[in-house]
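Peer 1: Could you have a look at this structure, given as structure tokens, before my questions?
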Amino acid sequence: MCCNVPTFIKIVRYAVWSAIKNETRMAASLLRLHFHDCFVNGCDASILLEGGERNARPNRNSARGYEIIDAIKDSVEKACPSTVSCADILTLASRDAVLLTGGRYWPVALGRRDGLVANETAANTELPSPFENLGNITAKFIAKGLDLKDVVVLSGAHTLGFAQCITFKRRLFDFDGAGNPDPSLDQAMLSSLKTTCPNQDDSNSNLAPLDAVTTNKFDNVYYKNLLNNSGVLGSDQTLLSDNTAAALVLNFSKYPYLFSYEFSKSMIKMGNIGVLTGLDGQVRKNCKVVN
């Protein structure tokens, strides 16, 4: 472990706090970076390597926060040379991003090691897409040892952050292929999103908050939005297409502490996907390149 674990943990938390203070969106970005890392090759920081997964469709021009992890790594290397993996740093940073925006603390087991390869092909095929239905998304979760409950719980991370218009524009202008919007989308929400995302290519990278009510606060409002047909992404609103998932959405909308508790459990579960330990992998000196 780190030559001084409390110091290492303080370095990470202060860096995440500074990053969020500088730009509130960074909390969601760090959380997403960890999720996208764990779903490809396991939680091995392969997403941080130059090239590879960074260039995959789900990450290109959308994954953010690399420079925050790099800066943390530089600071940690000074305190504890060649001791703390980039994978541990990323896992802790995502926990602190939730904690510092109002979410619950959960323990993070340390000792992960970093992967040696990044897999762009796997990132293109194994990461859930905002265009997929619940069945497809759930299958991708099950392939990683997670389940339908984890889908509903971890989707709650969309209480933070923004989505690019290109990820949901079809719902606004051509949901059925005949020029009509998604009939399940609340009319006021539809009008608001059309203002942010006019039907032209140059609006594709415009941003809309995934939870416009409490955009920078980690809470359960995301689920209330879904019940009001105000989920921005089709992959969010599809949670109501299944009775079991819809019941979970309803419970989480009513009981914020239940959501926080289940979210911490699912994050621990996700953070243990395909972890490298012992002699597997390495502790990178620089998160961008293998030693």
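Glycine is treated like the rest: Cβ placed from N, Cα and C.
Pasting the relevant annotations from TrEMBL:
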DOMAIN    6-291  domain 'Plant heme peroxidase family profile'
SITE      R32  site 'Transition state stabilizer'
ACT_SITE  H36  active site, proton acceptor
BINDING   D37, V40, G42, D44, S46, E53  Ca(2+) 1 binding site
DISULFID  C38-C43  disulfide bond
DISULFID  C86-C287  disulfide bond
BINDING   P128  substrate binding site
BINDING   T159, D211, T214, D219  Ca(2+) 2 binding site
DISULFID  C165-C197  disulfide bond
Peer 1: Where does the mean pLDDT land for the domain 'Plant heme peroxidase family profile' (6-291)?
Peer 2: 96
Peer 1: Which of the recorded positions H36, D37, C165, T214 has its Cα nearest to the Cα of C43 (disulfide bond)?
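Peer 2: Ranked by Cα distance from C43 (disulfide bond), first place goes to D37.
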Peer 1: For P128 (substrate binding site), which of the listed recorded positions (H36, G42, C197, D211, T214, D219) have their CA atom within 10 A of its CA?
Peer 2: H36
Peer 1: Cα-Cα separation of C287 (disulfide bond) and T214 (Ca(2+) 2 binding site), in Å?
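Peer 2: C287 (disulfide bond) and T214 (Ca(2+) 2 binding site) have their Cα atoms 33 Å apart.
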Peer 1: Out of the recorded positions T159, C165, D211, give me the one sitting nearest to D37 (Ca(2+) 1 binding site) by CA distance.
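Peer 2: Going through T159, C165, D211 one by one, the Cα closest to that of D37 (Ca(2+) 1 binding site) is T159.
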Peer 1: So how many other Cβ atoms are close to D211 (Ca(2+) 2 binding site), meaning within 10 Å of its Cβ?
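Peer 2: Step by step: centre on the Cβ of D211 (Ca(2+) 2 binding site), count other Cβ atoms within 10 Å, giving 27.
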Peer 1: Do you know offhand how many angstrom separate H36 (active site, proton acceptor) and T214 (Ca(2+) 2 binding site) by C-alpha?
Peer 2: 24
Peer 1: As a test of the contact definition, list every same-chain residue at least 6 positions from D44 (Ca(2+) 1 binding site) whose Cβ is closer than 8 Å to its Cβ.
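Peer 2: Listed in sequence order: D37, A87, R112, R113, D114, G115, G274, V275, L276, G281.
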Peer 1: By CA distance, which of the binding-site residues (S46, E53, T159, D211, D219) lies nearest to C86 (disulfide bond)?
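Peer 2: For C86 (disulfide bond), the closest Cα among S46, E53, T159, D211, D219 is found at S46.
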